[in-house]
Structure formats: C-alpha cells, structure tokens
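Here is what TrEMBL records for this protein:
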ACT_SITE  Cys29  active site, nucleophile
ACT_SITE  Cys32  active site, nucleophile
DISULFID  Cys29-Cys32  disulfide bond
DOMAIN    1-105  domain 'Thioredoxin'
SITE      Asp23  site 'Deprotonates C-terminal active site Cys'
SITE      Gly30  site 'Contributes to redox potential value'
SITE      Pro31  site 'Contributes to redox potential value'
Amino acid sequence: MGAISLTKETFQNHVQSGVTLVDFWAPWCGPCRVQLPIVEELADEMKGQATIAKVNVDNDPELAMQFGIMSIPALLLFKDGKLVDKMVGINQKHVLKEKILELNGN
C-alpha cells in the first residue's frame, strides 16, 4: 500500500488523530528520492500503528509554507493533530520507527 499522498484538501483529516508522519518531497530532489522508499517501507511496517503520508511540495506549496518548510526532504511528525517533531534531510527507517513507537507509548 505505501504512504498516502496528501493535498491541502486532505491533509487535516489525516493528521487529526493518532500518530502521523508526513514526508514533504519533490520529484526533482535527489535526497527526496533516497528518503521516499524508506518512507514507503515504513508505511507498510507501521500499518495500524501510524499513518505515513507524503506531500509533493510542487503540487501543494501552500502546505510547505504553512509549516515553514525551506529544505526538503522534511519529515513532520504529528500526534493527534499537533506537530511534535520536524526533521530535515534523510532519516533512517529505524530512527523514524523509534520516534513513532515512542509517541505511541511503546
């Protein structure tokens, strides 16, 4: 299944409850192309424990501006609609997984 693609119209519905990791990326961004498969794998592994999503900043620049994203890839972690962590650059899967499990109380 992989990560869910979000737009400004669907963003709030997906981050409002539970733990959600959102990858802000663009197709022309080299580091984003490294991060995206990690995020996709994480989506499959964390199914039922967290929502893993992605936002193409070229298609939805308003969302990137709303969260002050200046560099990509940027990964934002939400818990029940509140932004709790912001990471810029490539992040390894085990680091992201640990952060999600911690937010879930595991």
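Glycine is no exception: its Cβ is also placed from the backbone N, Cα and C atoms.
In this structure, the CA atom of Gly30 (site 'Contributes to redox potential value') is 14 Å away from the CA atom of Asp23 (site 'Deprotonates C-terminal active site Cys'). Annotation note: Gly30 (site 'Contributes to redox potential value') sits in a helical segment as assigned by DSSP. Cβ-based crowding with a 10 Å cutoff singles out Cys32 as the top-ranked of the active-site residues Cys29, Cys32. In the domain 'Thioredoxin' (1-105), helix, strand and coil residues by DSSP number 38 helix, 28 strand, 39 coil. Cys29 (active site, nucleophile) and Asp23 (site 'Deprotonates C-terminal active site Cys') have their C-alpha atoms 13 Å apart, to the nearest angstrom.
If you draw a 10 Å sphere around the CB of Gly30 (site 'Contributes to redox potential value'), it holds 8 other CB atoms from the protein chains shown.
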